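A short write-up of the structure that comes next.
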Amino acid sequence: MLISLSQWLQLLYPEQLGFLRVFQYLTFRAVMAAMTALLIGLALGPIVIRRLTELKIGQPIREYGVAEHMVKQGTPTMGGALILLAIAISTLLWFDWSNRFVWIVMIVTFGFGAIGWVDDWRKVVDKNPEGMRSREKYFWQSLIGLVAALYLAFSVSETSNLRVLELFIRWVQSGFSNDLPPKADLIVPFFKSISYPLGVFGFIFLTYVVIVGSSNAVNLTDGLDGLAIMPVVMVGSALGIFAYATGSSVYANYLLLPHIPGAGELMIFCAAMAGAGLAFLWFNAYPAQVFMGDVGALALGGALGTIAVIVRQEVVLAIMGGIFVLEALSVMAQVTWFKYTKRRYGAGRRILLMAPLHHHFEKSGWKETQVVVRFWIITMLLCLVGLSSLKLR
């Protein structure tokens with residue numbers, strides 16, 4: 001919004017307001033987006049926490065979980081709404097409203113946030129321990145993921161919504177041909193000439209898995225004070241760098257990345273997400289004053305997945321978000337093995353002391369803060385590995 005306002009003012013007063021040209025610089029707007037989201041989060045945080053406390057929107061704690069967590073019973077939850085509010089205000093202020101990629105990321109983010117809101121509301125306010133039924137939650141996640149995947153399948157190779165529509169019509173008229181331009185290939189990091197053609201349906205399937213999988217993986221990771229939000233900030237910031245490089249024809253050609261016009265504007269969203277995340281961490285650090293809840297975790301995970309798909313870095317996302325991947329795999333392995341052994345031996349057996357993975361380490365004797373900080377360190381290292389793929393090819 002501010003970029004359009006600055007352009008209008010420059011047309012009216014070109015000599016007096018020439019300094020407003022700074023709004024054209026993507027890096028300047030990204031820094032300002034991060035600062036804006038950070039300040040909004042810090043300013044509104046105490047108000048949101050106080051309001052959640054007054055409404056008695058407190059986090060229920062499982063009795064069969066980690067015993068030390070019982071002291072967290074009643075800590076305000078649904079604080080993810082604060083993150084989303086800060087992201088929304090900051091992004092709307094600083095990004096170019098004509099950019100379709102930012103809009104699709106925001107739609108996915110707030111769509112998943114709405115699912116998380118309903119789930120949290122049923123758990124905390126309606127006192128329904130199940131929240132949304134798994135099938136109901138998965139249906140809505142799948143609907144949003146598939147719609148986004150279908151749009152992005154024709155969007156990454158085109159420069160406008162009109163051309164996206166034209167490409168989609170040609171695809172339908174061709175009898176749903178599986179051909180797709182090279183920009184929709186699966187890119188293998190660290191290799192400059194290796195990529196795998198996905199085709200329309202392959203791209204849609206991969207995009208669906210990445211978006212929905214990322215959303216649920218971040219949600220599973222959000223189990224300790226500050227555990228999920230800092231990796232989200234790190235991975236989101238790294239993806240912002242990929243977005244900047246991918247959106248620039250100069251950097252994309254130099255780094256052998258697919259050039260996707262308009263993708264650079266996603267750096268604004270990534271910066272806002274980082275700023276909002278740091279503001280939330282101020283209140284979510286041990287001992288947490290507020291939890292983000294599903295409204296925050298599902299939304300942020302969906303955002304990371306969508307951005308990674310747009311900048312064609314799905315594999316790099318899996319590397320940088322390795323903690324999220326391990327947390328999700330730990331739950332899948334635990335549940336699968338338990339069901340298998342129960343069916344075969346009559347009694348279920350466990351691979352881990354408790355899933356997700358962070359609870360296993362707690363049960364093993366690690367302090368909560370040790371688990372959190374060590375997972376942060378691992379994520380930092382993985383992000384550096386992911387960023388190194390920009391040049392190491």
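Numbers run from 1 along the shown chain.
Heads up, the Cβ atoms here are built off N, Cα and C, so glycines get one too.
Per Swiss-Prot, the features are as follows:
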- 29-49: transmembrane segment (TRANSMEM)
- 75-95: transmembrane segment (TRANSMEM)
- 101-121: transmembrane segment (TRANSMEM)
- 138-158: transmembrane segment (TRANSMEM)
- 193-213: transmembrane segment (TRANSMEM)
- 226-246: transmembrane segment (TRANSMEM)
- 263-283: transmembrane segment (TRANSMEM)
- 290-310: transmembrane segment (TRANSMEM)
- 315-335: transmembrane segment (TRANSMEM)
- 370-390: transmembrane segment (TRANSMEM)
Contact between the transmembrane segment (315-335) and the transmembrane segment (226-246) (3 or more Cβ pairs under 8 Å, separation 6+): yes
Please report, as numbers and ranges, the same-chain residues at least 6 past the borders of the transmembrane segment (263-283) whose CB is under 8 Å from any CB of it. 26-27, 29-31, 33-42, 45, 49, 79-80, 82-84, 86-87, 90-91, 94-96, 99, 101-102, 105-106, 226, 229-230, 232-233, 236-237, 239-241, 243-244, 246-248, 289-290, 292, 296, 300, 303, 307, 310-311
The transmembrane segment (370-390) vs the transmembrane segment (226-246): three or more C-beta pairs under 8 Å (separation of 6 or more)? yes
Hey, which of 29-49, 101-121, 138-158, 193-213 has the most Cβ-Cβ pairs under 8 Å against the transmembrane segment (75-95)? 29-49
Which stretch, 29-49, 101-121, 138-158, tops the Cβ pairs under 8 Å count with the transmembrane segment (193-213)? 138-158
What residues elsewhere in the chain lie close to the transmembrane segment (138-158), defined as a C-beta under 8 angstroms and at least 6 residues from its ends? 100-101, 104, 107-108, 111-112, 115, 164, 167-168, 171, 180-181, 183-184, 200, 203-205, 207-208, 211-212, 215-216, 258, 260, 298, 302, 306, 309-310, 312
